[in-house]
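Q: The structure follows.
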Amino acid sequence: MEVALILLAAGKGTRMQSDLPKVLHAVAHAPLLEHAMASGAALSPARTVVVAGHGADQVRAAAQAFDDEAQVVVQEEQLGTAHAVGQAREALAGFEGTAIVLYGDTPFVQTETLEKMCDALKSNDVVVLGFDAADPARYGRLVMQGDSLDRIVEYKDATDKERAITLCNSGVVACKSDLLFDLIDAVGNDNASEEYYLTDIIGIARDRGLKATAVTCDEVETMGVNSRADLAAADAAFQSRARAAMLEDGITLMAPDTVYFARDTYIGRDTVIEPNVVFGPGVTIESGATIRAFSHLEGCHVARGGIIGPYARLRPGAELSEDVRIGNFVEVKNAQIAEGAKVNHLSYIGDATIGAKANIGAGTITCNYDGVMKHHTHIGANAFIGSNTMLVAPVHIGDGAMTGSGSVITSDVEADALALARAPQVEKPGMARKLFEMLKAKQQRGS
Ligand code: UD1
Ligand code: MG
């Protein structure tokens, strides 16, 4: 059966105290909405519909940045979760499969859980995802009759007896798409909040003699974000899950609690991550690399055997081939560094290509920016760049060439040549001693 996703993301999120729509706040460097879309995306949905409201343009941009085929519909007024789902009706016209409703502010529902719901739908008409809440608070309560779900009652509308139920509604619903919209048509707003509750479709389905049930999951999966404190807690939950998964997959984390991952961090087995490393978005590390302490990486690729850091910074577009060595206080941006090249100390390499086995001396800088435009530096294979060389781009250093320490290189250097671009050394015998004497005499006269 084909699947379509409906993501509810119209809410303002007042408690976030923010100009940014709630679902665009980030956990592990990705918007909450992207996490929710990603858990559903693993089901290869035929269609994905995001119901936006507050900050709809920003929400549309984020949704389509993750999935350019996602449709975004706008719910002008937030009249309740059933009304929100109703906005997806046209976008799903003609769709014959299963619709799954997800919340954009609930990032951690696991794909396996959604698969379990799809399974349960084979013998039911509506399936709801429930969880046993440690503190059921104001969640909707699932009223079960044996294995059947009889109805869902919202906290505000519940009796004391119903409030004593700890099995709660996560909000995730699976139902055949056309039936879902049929049921929504029958939902009214005669309740404590005067809202159109999606949860009412269960009672309506049962009254029509249809079958409903609940699938349950761990409470961490249904964790929603309503405040900055929730956001921090969600990030912490993500990080502890990511660390455990990395360890499971054969990656050594010397101090797991100090390593910060992004949603899309990929690391190959037998890589060693030292303490206090931060991964921003878009990082791929192949097998057997070492990322030493206090390094910061984003948008980069480190091939097998690379040794990065300590205190290295890899920025977007850093492409490191096998066995590259990037040492302390080195920043690399938009640069391809070929096999076995070394940039070991205190350098900036930006908008550059570096050939295999080149050695870049301490303090070397590619001067890539002229104040208006960026320019490229090429360093050939086996080149030796002397310490503190300024490479004023655009500039091309041939294979096997050398630059003298302290050079400011403004023209191309041909292969195998030595380029020196610094003031020649002048030596004045005895002059240092004379200067000292002069200065000391001056000091004595002064005191
Ligand atoms: C809802 C459920 C409740 C469940 C809880 C789980 C209903 C009536 N209640 O309550 O049973 O325990 O979630 O967190 O469904 N939204 C829109 N448009 C609207 C209203 C809501 O897009 O008109 C979105 C919100 O942005 C949010 C989600 O739907 O992402 C849930 O809405 P919210 O108002 O948080 O519902 P709850 O009262 O928490
Ligand atoms: Mg809520």
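Yeah, the Cβs are placed from backbone N, Cα and C, and that goes for glycine too.
What you are looking at is a predicted structure, and each value in this text was computed from that prediction instead of being measured.
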Q: Among Ser405, Ser411, which residue does TrEMBL annotate as binding acetyl-CoA at the site that also has Ala362, Asn368, Tyr369, Ser387, Arg422?
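A: Matched candidate out of Ser405, Ser411, per TrEMBL for acetyl-CoA with Ala362, Asn368, Tyr369, Ser387, Arg422: Ser405.
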Q: Report, as a single number, how many Cβ atoms besides its own are within 10 Å of the Cβ of Gly11 (UDP-N-acetyl-alpha-D-glucosamine binding site).
A: 22
Q: As a check: which entries in Asn226, Arg315, Asn359, Ala362, Ser405, the binding-site residues, place their Cβ less than 6 Å from an atom of ligand 1?
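A: Cβ < 6 Å from ligand 1: none of the binding-site residues.
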Q: Gly80 (UDP-N-acetyl-alpha-D-glucosamine binding site) to Arg422 (acetyl-CoA binding site): how many Å between their Cα atoms?
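A: Taking the Cα atoms only, Gly80 (UDP-N-acetyl-alpha-D-glucosamine binding site) lies 72 Å from Arg422 (acetyl-CoA binding site).
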Q: Within 10 Å of each Cβ, count the other Cβ atoms, then let me know which of the binding-site residues Gly80, Gly104 comes out lowest.
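A: Looking at the binding-site residues Gly80, Gly104, the Cβ with the fewest others within 10 Å is that of Gly80.
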Q: Can you count helix, strand and coil residues in the domain 'MobA-like NTP transferase' (6-133) using DSSP?
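A: Secondary-structure breakdown of the domain 'MobA-like NTP transferase' (6-133): 49 helix, 33 strand, 46 coil.
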Q: Spatially, and counting Cα to Cα, which of the binding-site residues is closest to Asn359 (UDP-N-acetyl-alpha-D-glucosamine binding site)? Options: Asp105, Asn368, Ser387, Arg422.
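A: Of the binding-site residues Asp105, Asn368, Ser387, Arg422, Ser387 has its Cα closest to that of Asn359 (UDP-N-acetyl-alpha-D-glucosamine binding site).
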